[in-house]
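These notes concern the structure reproduced below.
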């Protein structure tokens with residue numbers, strides 16, 4: 001009897017868990033799609049940039065979680081109410097924090113993240129240019145030269 | 001019994017690794033041949049012992065031995081045989097065992113095929129390789145033992161995660177690990193060379209085949225993973241910039257850079273210290289990848305066995321090996337003097353540019369992947385860095401790379417002439433511009449990525465082919481092409497493969513069509529130029545799942561093309577649903593059909609996608625890997641590598 005109870009409990013908690021992730025919904029549902037194709041296209045584009053909070057690195061556009069569905073509907077409601085893209089996104093960020101933004105802002109220290117690529121490229125190009133210049137102006141082709149140690153070793157071998 | 005023997009073999013392998021990590025190193029330092037000679041039999045023994053341990057674990061999975069904790073947690077008696085086998089590495093403990101098995105395999109191969117290496121270098125390479133293995137044996141034995149028994153075995157197991165029960169994913173991890181871990185041998189070579197204080201053309205010639213092999217496996221592994229994501233996750237995405245994907249992509253980029261810089265060392269004895277640094281970084285990033293997957297530090301769809309204790313252990317391994325190697329590098333890099341002199345316009349310079357772009361691209365991904373962590377620790381901000389960032393920050397590097405690749409690849413060594421190269425490439429360039437222009441006029445108001453991608457793809461393929469044909473010289477004797485070295489064929493295929501992948505990515509991102517609707521049974525609807533009819537929906541019972549399977553007729557202007565069977569499966573033991581998309585694969589496009597839930601008013605949710613050039617993404621990867629394989633089979637690696645160098649006096653370590 002206890003075993004049966006345990007099995008039931010396990011099954012219950014497991015299905016509750018998967019329910020949160022799978023639920024009934026699979027990404028954008030037909031009933032969510034807006035009548036106005038232009039508005040719908042905007043909603044799709046925006047929802048690609050918003051993160052599903054209970055999933056792992058999925059946008060609400062891709063996600064099957066019921067929370068993602070709620071967010072999709074919320075986003076569409078805002079757009080229907082006449083919000084601009086920025087206002088609609090700001091509305092969601094106000095409620096869920098900047099964690100929902102898949103594309104981080106440039107505010108605060110984030111400029112470093114955005115500048116990292118160009119800065120590193122500049123540094124690498126500078127280093128590469130210096131190296132190439134060094135190689136191209138270097139006149140001594142040291143191909144044949146032996147280091148003193150090698151010279152010594154060579155003499156040793158020749159003596160043997 | 002076999003399980004206990006496997007456990008015992010693993011402990012023995014650990015002990016052998018201890019010996020192999022120490023004795024040959026002392027032998028090489030003191031020039032004692034007997035001590036150096038320990039390395040080879042030890043590497044062989046280490047490999048066979050690990051292989052036995054792995055075999056024992058696989059045996060437990062195949063026979064569904066539910067007295068083993070790991071088997072209970074990851075298997076089920078009703079699971080098909082293929083997935084019982086792949087279940088061996090479909091979990092943390094087993095995959096770590098596969099990791100060390102491959103580590104030991106590469107060590108043993110270096111021992112078997114390294115007969116013509118200088119004895120001290122060989123002893124040092126094997127010792128360094130074994131010290132890595134030692135760390136991972138310790139990790140497995142002390143924190144993730146796969147051979148733990150249960151006191152009361154249950155009747156049946158808890159099944160493998162259904163998403164992993166798929167042929168694409170069965171082979172994704174082994175390939176990926178062959179790549180990750182294959183880079184360990186380059187690392188060992190780099191560290192051994194630093195200890196020796198000597199890097200020359202011969203060294204590069206020994207290292208390149210290993211890098212090439214690792215890169216080929218990584219390419220196949222990543223392509224398999226991406227293809228799996230495409231058909232399994234239900235909406236046909238192929239790359240998500242997930243931390244764990246990035247973890248495999250960074251070593252791939254660095255391995256590609258290493259491949260190219262090793263050519264410069266081999267042919268021109270320049271870029272030596274940079275090549276050593278790349279070899280260290282490439283494996284360092286493999287370790288970072290392992291750390292990311294196992295520690296649960298970053299949230300990811302792939303993370304399994306998130307355990308802080310294990311994370312700390314791997315972090316220690318990571319710090320010890322990369323930190324140690326980098327310190328050694330800082331101390332010794334000065335000893336690596338470049339010899340070759342080359343002009344500003346030359347193949348060498350082009351390869352430097354290649355390395356800059358690949359390495360910076362890898363670091364951009366690294367910064368983006370780690371940024372959420374940095375932001376949380378130092379600025380107290382919880383934020384996400386997702387696909388939009390990576391697409392924006394990473395793509396320009398690949399565009400630049402594609403733009404300069406055909407020019408650089410055709411440039412002469414030492415001193416090239418830009419105008420002549422550009423003249424030869426003119427037809428390829430014009431073709432690329434024309435096709436991109438054509439595409440641009442045909443599509444209206446869509447993403448600019450399409451035309452740009454078409455331009456780059458065509459430019460890469462046509463430019464590479466031009467380069468290849470120019471090897472003929474003035475003669476029109478095409479049979480000469482077959483006498484060209486296989487490395488040239490490899491270059492042709494690998495570079496065109498990259499172009500083909502770019503075309504595929506452009507097609508998929510720019511011209512995909514999508515349709516979402518509720519379809520009644522018997523209803524016909526059209527998507528793009530195709531008509532689809534949902535004929536019926538049945539409930540089907542699979543070996544370890546239940547399935548809702550639709551039958552969809554796909555036709556184009558009245559002609560039937562295919563009958564598709566999209567499924568929605570439910571795995572009762574693992575309590576998890578999966579979608580099995582039905583895909584009509586064609587050369588120019590895929591039609592991708594997914595069936596969803598039944599609706600209250602009848603009918604089912606149907607999603608249909610037309611995905612232009614989808615197969616080109618993975619086809620290009622395969623061609624790239626094939627190019628690598630051809631290059632690997634080139635004669636100069638098959639004949640005793642560096643044999644001609646044996647006359648040279650043994651380098652005196654720069655101490």
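Cβ atoms here come from the backbone N, Cα and C positions, even for glycine.
Note on TrEMBL: of B:74-93, B:154-173, B:394-413, the range annotated with the feature transmembrane segment is B:394-413. With a threshold of 8 Å between CB atoms, the same-chain residues lying at least 6 positions outside the transmembrane segment (B:175-195) that come near it are 28, 95, 98-99, 102-103, 106-107, 109-110, 121, 124-129, 132, 203, 206-207, 210-211, 213-222, 224-225, 248, 251-252, 255, 258, 275-276, 279-280, 282-284, 286, 289-290, 321, 325, 328-329, 332-333, 653. Touching of the transmembrane segment (B:448-469) and the transmembrane segment (B:613-632) is ruled out by the presence of fewer than three CB pairs under 8 A, sequence neighbours closer than 6 excluded. Of the ranges B:38-62, B:313-331, B:352-374, B:613-632, the one with the most Cβ pairs under 8 Å to the transmembrane segment (B:207-229) is B:613-632. For the transmembrane segment (B:125-144), the residues of the chain that approach it from at least six positions outside its boundaries are 10-11, 13-14, 17-18, 20-25, 28, 39-40, 42-43, 46, 92-93, 96-97, 99-100, 103-104, 106-107, 110-111, 114, 117, 184-185, 187-189, 191-192, 305, 307, 309-310, 313-314, 317, 320-321, judged by C-beta separation under 8 angstroms.
Away from its own ends, the transmembrane segment (B:38-62) comes close to residues 2-3, 5-7, 9-10, 12-13, 16-17, 19-20, 23-24, 27, 68, 70-71, 74-75, 81, 84-85, 87-88, 94, 97-98, 100-101, 104-105, 107-108, 110-112, 122-123, 126-127, 129-130, 133, 146-147 of its chain (Cβ-Cβ under 8 Å, at least six residues beyond either end). In the predicted structure, the domain 'Cytochrome c-type biogenesis protein CcmF C-terminal' (B:315-635) carries a mean pLDDT of 89.
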